[in-house]
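Colleague: Here you go, one structure.
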């Protein structure tokens, strides 16, 4: 037989029924939720308050002496905000943001009706002094940022200018070297040309001398051959004349001419 599901009018009735069932089974249910929550708050809330007190000292140093009142709520808010900030941010920027957030919470507490201080004029003077101090601090930080930006820009500009000047000076320094190199190349070219011309002149002189020598030798050979030819002709002529005389004598003796 299936049990029908009970319906309860309130959570309290359901809780009482649950306790009865657990006790019938011999169990002791834990129903002190409020007590556990209070114990948790006492343990962890106290730690949070203790951890937040050193951060409240920073605000006490900024405010004038005798007018400082700590606010654990603002410090706990700053602590939670610091935990939520990303880890890559610098410590200086995170502190500045925490200071601004904590002081904004402090001003809200000053002007809100929740923590009504006994001396309202004193808190107003504290809030006004904080606003003046924060304005001066922001102005100084902005001036520092602008001066650092200007200094970095000036350094970069000077560096570029120096590089450009060095780039301009380098060709001027290299010009004499280039000129000397060009002059040396021209001298070498002239020397090469003079050597080539001297070689060609010597070659032409040699060729001309050889031609003259050959001509002289040819002429001498021609003269010698002509002399030999004349000598032969003369000898032949003389021989011819002698034969004719002999022939004439022979003819006279034999033939009777």
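A Cβ is built for glycine as well, from the same backbone N, Cα and C atoms used for every other residue.
Feature list, courtesy of Swiss-Prot:
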- 145-257: region 'Disordered' (REGION)
- 152-162: compositional bias 'Basic residues' (COMPBIAS)
- 163-176: compositional bias 'Basic and acidic residues' (COMPBIAS)
- 183-193: compositional bias 'Basic and acidic residues' (COMPBIAS)
- 200-212: compositional bias 'Basic and acidic residues' (COMPBIAS)
- 210-248: coiled coil (COILED)
- 219-228: compositional bias 'Basic and acidic residues' (COMPBIAS)
Colleague: Using DSSP, break the compositional bias 'Basic residues' (152-162) down into helix, strand and coil residues and give each count.
Modeller: 11 helix, 0 strand, 0 coil
Colleague: For the compositional bias 'Basic and acidic residues' (200-212), give the DSSP counts of helix residues, strand residues and coil residues.
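Modeller: Helix/strand/coil tally for the compositional bias 'Basic and acidic residues' (200-212): 13 helix, 0 strand, 0 coil.
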